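Novice: The following block contains the structure, expressed as structure tokens.
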């Protein structure tokens, strides 16, 4: 399997409970390296751009409001098969359906407040990473 990069967001429901370290420990335990990380407060424009694919969905406004409600931690993760590996570590979007040992099973409050985001494909990972990081901020 090839070394690849993926994008992660630790969402406001997790940062408000000071879970960044616990989530990072699960990421690293899975064999992924955190090669870039910063804590930010996402602007409305950033959130609307990031989630533009959901603009026509009824939950779009609530999602944007949630993502700007508090700090988030944006990250670039690197490793063999990083995209699928991180999606496995995150667990199902619905925490009640997430497997034991996953981030969402351990920390998510609900489907809406599910603690983390991860890219779903190499193309989206590249776009998402570029939205939040300059090349010199990613140090592998």
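Keep in mind that glycine also has a Cβ here, set from the backbone N, Cα and C atoms.
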Novice: Which of these, 5, 17, 104, does Swiss-Prot list as part of the ATP site with 11, 59, 87, 93, 114?
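Specialist: Between 5, 17, 104, Swiss-Prot records just one in the ATP site with 11, 59, 87, 93, 114, namely 104.
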Novice: Taking just the CA atoms, what is the gap between residue 59 (ATP binding site) and residue 117 (active site, pros-phosphohistidine intermediate) in Å?
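Specialist: Computed Cα spacing between residue 59 (ATP binding site) and residue 117 (active site, pros-phosphohistidine intermediate) is 16 Å.
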Novice: For residue 93 (ATP binding site), list the number of other Cβ atoms lying within 10 Å of its Cβ atom.
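Specialist: The answer is 13 other Cβ atoms.
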Novice: Give me the non-local Cβ neighbours of residue 117 (active site, pros-phosphohistidine intermediate): same chain, 6+ apart in sequence, Cβ-Cβ under 8 Å, ordered along the sequence.
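Specialist: Result: 7, 8, 9, 11.
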Novice: If you count other Cβ atoms within 10 Å of each one's Cβ, which of the binding-site residues 11, 87, 104 has the most?
Specialist: 11
